Amino acid sequence: MKLLSVLALSATATSVLGASIPVDTRAEKFLIELAPGETRWVTEEEKWELKRKGQDFFDITDEEVGFTAAVTQPAIAYPTSIRHADAVNAMIATLSKENMQRDLTKLSSFHNRYYKADFGKQSATWLQEQVQAAINTAGASRYGAKVVSFRHNWAQHSIVATIPGRSPEIVVVGAHQDSINQRSPMTGRAPGADDNGSGSVTILEALRGVLQDQTIVQGKAANTIEFHWYAGEEAGLLGSQAIFANYKQTGKKVKGMLNQDMTGYIKGMVDKGLKVSFGIITDNVNANLTKFVRMIISKYCSIPTIDTRCGYACSDHASANRNGYPSAMVAESPIDLLDPHLHTDSDTIDYLDFDHMIEHAKLIVGFVTELAK
């Protein structure tokens, strides 16, 4: 996640849109979109300079010729009442902070998870092995559950785990797996414990919880369930764009996508004397799906919500939205109180609260079950 409000806390932060950035005409260029219809060719270093100044964007260099961003989404009726409380509560009871701490300790031990680096490839391979182990342990592969690599033209692959249902319509939970040190993207130390190791291991633990339900494991849920771990989010939502563009091109139907980007930092709220809460993103999301998410939180989670905005192209839910799929995003806190260590070598596990991450996992289990089962 790379968010304007976090960097706005610095008095030295200035608007890049009005700045003149020198261009090295010999360098490889990338086409980025900073706002709807506002595009610019930049070098890779200019991309990172924009990020350092707090400007988010889509990297649309590899977008298909003639692609048009969706301006409307299909009208989808979401449940207005809770229907599977017993099943969800049984799954929630299996969620483990110890599992998440173990997984995040390992995931953040890679030197970095930069999408072009060997470390990014290695971390993705390790993460996919954990997903496969969860599927194997549940016996779900016998009923068609699987995990696959979604390959890109860079080192790190995205990961897609699928639990088939009676319908091909998909309920998606996603998180980006890559990390970055913005001062030295390729070689710098970037543990990325919160951004976004926290989201990655939170949805992994939620997957384990969901796989405790035999109706889901045996493919008897009404809808298909997918868990995604995206590559290259920090470079312009690259992995999620590729996946959702592919889904659009192949006619896949997505009932809803819930994004989890940073799930573990609460100190900003505590220091302000605020009640620890979820940050509900209200811009560039589907309002009806977000209303459904609020219902899930009120039923299955023990903390309240605060409305907040994160801007254009701030994280992977925006890729779903851009391709016409309804998406929602729940952050660890209001955007202006996010973890200040993101994108540095100080983004370590020491600053995270695993009870808060469990609340996110409870949300995911409830979201998936109530929407898919």
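Using N, Cα and C of the backbone, Cβ positions are placed for all residues, glycine too.
As annotated by Swiss-Prot, Zn(2+) 1 binding site applies to His176, Asp195, Asp261, with the evidence given as similarity to another entry. Swiss-Prot lists Asp195, Glu234, His343 with the feature Zn(2+) 2 binding site, giving similarity to another entry as the kind of evidence. Per Swiss-Prot, the feature disulfide bond maps to Cys310-Cys314; the stated evidence is similarity to another entry. If you look up Swiss-Prot, you'll see Asn196, Asn288 marked as N-linked glycosylation site, on the strength of sequence analysis. Annotation comment: Swiss-Prot describes 1-18 as signal peptide, evidence class sequence analysis.
Cα separation, His176 (Zn(2+) 1 binding site) to Asn196 (N-linked glycosylation site), rounded: 6 Å. Around His343 (Zn(2+) 2 binding site), a 10 Å sphere centred on its CB holds 26 further CB atoms from the protein chains shown. Across the fold, the C-alpha of Asp261 (Zn(2+) 1 binding site) and the C-alpha of Cys310 (disulfide bond) stand 11 Å from each other. Counting only the Cα atoms, the space from Asn288 (N-linked glycosylation site) to Cys310 (disulfide bond) is about 18 angstrom.
Secondary structure from DSSP puts His176 (Zn(2+) 1 binding site) in a beta strand. Checking each of the recorded positions (Cys310, Cys314, His343) against Asp195 (Zn(2+) 1 binding site), the C-alpha distance stays within 10 Å for His343.
In this structure, Asn288 is the one among the glycosylation sites Asn196, Asn288 with the smallest number of other Cβ atoms inside 10 Å of its Cβ. Nearest in space to Cys314 (disulfide bond), taking C-alpha to C-alpha distance over the recorded positions Asn196, Glu234, His343, is Glu234. Separating the Cα atoms of His343 (Zn(2+) 2 binding site) and Asn196 (N-linked glycosylation site) is a whole-number distance of 10 Å. Neighbour counts of Cβ atoms within 10 Å were compared for the disulfide-bonded residues Cys310, Cys314, and the top value is held by Cys310. Here Cys310 (disulfide bond) is positioned 15 angstrom away from Glu234 (Zn(2+) 2 binding site), judged by their C-alpha atoms. Distance noted between the C-alpha atoms of Cys310 (disulfide bond) and Asn196 (N-linked glycosylation site) is 16 Å.
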